[in-house]
Amino acid sequence: MSRTWCRHPQGSNSNSDGEFPVIGFRILPRLRKVDQRWIDAFSGLPVATVSDAMSRMFAGGCGLRPLHKSGQLCGAALTVRTRPGDNLVLHKALDMAEPGDVIVVDGGGDVTNALIGELMIAHAKKRGVVGIVIHGAVRDSQAIAEDTFPVFAQGITHRGPYKDGPGEINVPVSIGGMVVSPGDLVVGDADGVVSVSVDDVEAIHLATSAKYQAELAQMERIQAGQNDRSWVDVALRERGCSIESDTGR
């Protein structure tokens, strides 16, 4: 597969050779991608349950909020890492996107400048992209809020982006502590976004499905008034909590 390398023009953020020292300036191929059967399998499963199945510590993206009207996100990650406030390589990612992709952008969590807006989202939809996750800001929020196309972001601003670079496509990115690698499964709903590694997708699906069925069964017991709550006092006493009885008062 071919790859494209770029050099950042010399300026205050680059070194004497014109190369950006922290964020690369390169476009790489995506070497693997979660299989469609797992995308289908995770569709409809609650993000909170997926997070629990990942022991909560390995699923993150805290602070990413859904800005769209409604609807779940589920697809394969096309990752972008960019200088805060700059969307040049994000434009390239949209042109590279395949149907079923989720564009995941690490913009450093900066919300000073929007990285994407209504026009770019329209282009993404035409490309078959199924959702966008921005660790940064967006704009045209009213249009996003009236649509069911999934958009998750850290914030909103009217200020537009720069188009100078640097940036990278198809590299591992960190989104609020959640690592997303190219091709990973990305799932989102009203509770936020989680990413599941291609290597772990089968095991996480098995654990998530089992937990989801257990939750459905528990809800039935709650509705029937048959939910056993004795575990609460047991857990408190095991941890050294003193529970005083009000019997006889």
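From the backbone N, Cα and C atoms, a Cβ is placed for every residue, glycine too.
All annotation found in TrEMBL is predicted automatically rather than curated by experts.
Arg139 is the only one of Arg127, Arg139 that TrEMBL places in the substrate site (with Gly117, Glu118, Leu119, Met120).
Residues Gly117, Glu118, Leu119, Met120, Arg139 are the ones the record ties to substrate, and the longest Cα gap between any two of them is 11 Å. Non-local contacts of Arg139 (substrate binding site) by the CB criterion (under 8 A, 6+ apart in sequence, same chain) comprise Ala114, Ile116, Gly117, Glu118, Ile156, Thr157, His158, Arg159, Gly160.
Take the mean position of the Cβ atoms of Gly117, Glu118, Leu119, Met120, Arg139, the recorded substrate site; other residues of that chain with a Cβ within 8 Å of it are Ala114, Ile116, Ile121, Ala122, Val138, Asp140, Ala143. Counting other Cβ atoms within 10 Å of each Cβ, the lowest count among the binding-site residues Glu118, Asp140 belongs to Glu118.
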